[in-house]
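A.B. asks: Next up is a structure, given as structure tokens.
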Amino acid sequence: MSSFRSRQEAEINHGKEGIRWRYPYSRGRRQLSWKTFASASLLLEDKDVRQSFMGSAGEQRNETKHHRPVGVRFLEYIRGTPFTFRTYQAIVLVLTFFAYASFHATRKTTSIVKSVLDPHTTELGFTHWSRFYFLGTVEGAQRNPGLNAGWAPFDTSDGTAMLGQIDVAFLSIYSLGMYFAGHLGDRFDLRVLLTLGMAGTGIFTSLFGAGYWLNIHSFYYFLVVQMLAGLFQSTGWPSVVAVVGNWFGKKKRGLIMGIWNAHTSIGNISGSLIASALLKYGWGYSFAVPGFIIALFGLTVFLFLPVSPEKMGIENEEESQLKSSPEKDGITQPLLEGRPNEKGRAVGFVEAWGIPGVAPFALCLFFSKLVAYTFLYWLPFYISHTAIDGKYLSDSTAGTLSSLFDVGGVVGGILAGHISDRLDARALTAASFMYCAIPALFFYRIYGSISLYWNVALMFVAGMFVNGPYALITTAVSADLGTHSSLKGNSRALATVTAIIDGTGSVGAAIGPLVTGYISANSWSAVFTMLMAAALVAGLLLTKLVVAEVTAKMESGGSRTGRWPQRSSVPETLV
């Protein structure tokens, strides 16, 4: 009896020190064996130990409850049961979709109101932000004399140059601020950071419009307000990508994020419609209403956005299936083994650049985004100044036609994501799309003027190949790299990596359209030559990663037939 008691006490002591209990609100715990469970049962017979244990479990549940957004707790209380993992995924997709769409809606407002601030904007070729092409069709717009008179100081001969300077300042602060936003995102609560970014964007967007009611005519006022708006907007992309990356594993990530990335086009379209509909009441409303909308969405994000499965206290079903799968050969082994550890040390800015694949993809996005943004912002101007079937289209028709480039971009983003999932080759897919963009741009320049149908078809194809890799790199690739296997399960690099990649790309987005403004004054053929050269460079920057992916596929295929030694399908140099 004494021997049994001694053995029992030894197992109890082992349970006190070594057992990591598995609870619904504490993921990552290993399940107890029957022997250990028997020891735990004996342990719980002791009243003091049981109280201590229940207190510890209660603290874990309370800690998890503290991280759960107020709105989520309220809805779960109403339902009477907690949300499932799939429900949380749906909430994340919907909230982040509308959150970033609202960012783009406020960003689009400026390009629309430019033609009101400076009615002669389209007569000059400097600014890369296109004139709002539906302005002529806004009901009642021509009855408001303020829409034709302009707004000082932008109604002078230097007005277009001033608006161009505001654009460059906005994009410069946006790209620079993104590096800092990513650094903060991996160190603080992403839900709070995203909420602050949306609220700040709403405030400064509204302040730009407040110049209408306050009769402000200082160029520096509008410049500073727009720069601060760009600073707050820089928090958006690293935050939403990091949150989505936390909830969706590598399986079908490309397809899901390709569809999810449609928020850019939805935001641009909705921002155009809202701002244009309000122009007849005064251009200040075109800023104030989108500013209020994004602030309202920011409040919704704060109340309902679940940042990660860890903070919600639930098990990640996708990765649990991967871990429990008996097959883990070179083909089935997941790229990111294990879930990120929220308690890991946040990765530094310089250290994040050293993650395999970050630098090549960041530089690739620089040139990819240069092409995408140049083609996007100059397209209405180019169409209206190019004879199609011997005729010149009006600004309104040209603008309507240019929207097909966005439609092609949505299709390209979904297609690129799906292909990269099926091939498990992000670099190969992105590089292939960039190479295909070269002939697409060439044929659009040469044959786009034959007829309207040719123009529409070639523009759609160009948008698909130009925006496809841009969407893939800024979403799925950024999420993959932010949880790279070299980080050993540490997820606190997602926002930093996303910021590095998209921040570098945003520099290209600012430079390309600005340079185009000068080159287009001499030759549009030279502009398209520049775009094709940039697409070529973007593809070449991924050459090393493409070779590594193809080599890994060949070797992993050979290992199944016994011709090559077994090894992982994902080389160390890859995502």
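Positions of Cβ are set from backbone N, Cα and C atoms, glycine also.
TrEMBL labels come from automatic prediction, so no person has curated them.
Annotation source TrEMBL lists compositional bias 'Polar residues' at 566-575. Under the heading domain 'Major facilitator superfamily (MFS) profile', TrEMBL lists 94-551. The annotation region 'Disordered' is assigned in TrEMBL to 316-339, 556-575. Summarising the annotation, TrEMBL assigns transmembrane segment to 83-103, 161-181, 193-214, 220-248, 260-279, 285-305, 353-378, 398-416, 428-447, 453-473, 494-519, 525-547.
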A.B. asks: State the residues, same chain only, that lie 6 or more residues beyond the ends of the transmembrane segment (453-473) and have a CB under 8 A from a CB inside it; answer 'none' if no residue qualifies.
C.D. replies: 254, 257-258, 261, 264, 361, 364-365, 368-369, 371-372, 375, 379, 383, 388, 401-402, 404-413, 415-417, 420, 426, 429-431, 433-434, 436-437, 440-441, 443-444, 447, 501, 505, 535, 538
A.B. asks: How about long-range neighbours of the transmembrane segment (285-305): same chain, 6 or more residues beyond its ends, C-beta under 8 Å?
C.D. replies: 69-72, 75, 91-92, 95-96, 98-99, 102-103, 105-106, 109, 112-113, 191-192, 194-199, 201-206, 208-210, 212, 243, 271, 274-276, 278-279
A.B. asks: For the domain 'Major facilitator superfamily (MFS) profile' (94-551), what's the model's average pLDDT?
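C.D. replies: Per the prediction, mean pLDDT sits at 79 for the domain 'Major facilitator superfamily (MFS) profile' (94-551).
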